[in-house]
Amino acid sequence: RENFIHLCNPHLEKMKEDILYHFALGTGTHDFPALFGDVKFVCVGGSPSRMKAFIAYIAEELGLGSPGGDYPNICAGTDRYAMYKVGPVLSVSHGMGIPSISIMLHELIKLLYHAKCSNITIIRIGTSGGIGLEPGSVVITRQSVDATFKPQFEQVVLGKTIIRSTNLDEQLTKELMQCSKEIGEFNTVIGNTMCTLDFYEGQGRLDGAICLYNEEEKLQYLKEAYDSGVRNIEMESSVFAAMCNLSAAVVCVTLLNRLEGDQISSSHDVLVEYQQRPQKLVGYFIKKSLGKV
């Protein structure tokens, strides 16, 4: 069955042209179905360089590109986001934090709608701080929760607080977990992901420019998070889950165990290898979905 993108905005039908300003794309200047109509998998992550590396990796895995081949940035007309495509896979950067990924998602979902895409799977791949996990562990998110451990995303719209659910696709989560078992290269768990508005105070760090709590209070908070089912902390999953009413998942590697410290101290080479783990997992999932495993 063809599941097409549906938009909850009747005003778009009245527009002669839809300009996706932060992508430097528009329906009046670009043929969206021709450019993106074959997309089935969308992977998003914070860093432009990481998403370019991912598209090169998936191209090689799917046998769709030449070794060392270059992949042009589709959004080269702007410096806000970067976008790359190979075959049915679209790779897009979203920056850091809820506001940045929210802007990107509004335009990405409209892009998929204008392109008449169907049966889309969208996955956020990224890094995070772990709670009670060895660095390098991969967390597949069951639910995104806020800083009070509630599975919800709050946004003020026209002066009123709107609350949206942050549940993710349970079947997709199970499929990704099975893929990790088949790979068998790194520890992977399913758990809740806490999404915060800040990297420092919002995550209970002691090393920011401002800190008005002590280490005991910090550890108590993180242990409460762990007891509620939280296994990692990042800054984008809640709005991602709230906006993506598609087959959606979040896969993040942990760079440190926050119960043991606040600063990332692993070497550059180790961190690069850690950051490749979500790419490997999602790449394997895409290959399996396309019958290439």
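Using N, Cα and C of the backbone, Cβ positions are placed for all residues, glycine too.
Among the features that TrEMBL reports, phosphate binding site is placed at Arg80, Arg124, Ile125, Gly126, Thr127.
Look at TrEMBL and you will find Gln203, Arg205 tagged as substrate binding site.
The domain 'Nucleoside phosphorylase' feature in TrEMBL is assigned to 40-286. Within the model, the domain 'Nucleoside phosphorylase' (40-286) shows a mean pLDDT value of 96, rounded to a whole number.
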Between Gly126 (phosphate binding site) and Arg205 (substrate binding site), how many Å separate their Cα atoms?
20
Taking 10 A as the limit, how many CB atoms besides its own sit near the CB of Ile125 (phosphate binding site)?
26
Among Arg80, Arg124, Ile125, Gly126, Thr127, the record's phosphate-binding residues, the widest C-alpha separation in angstrom comes to 20
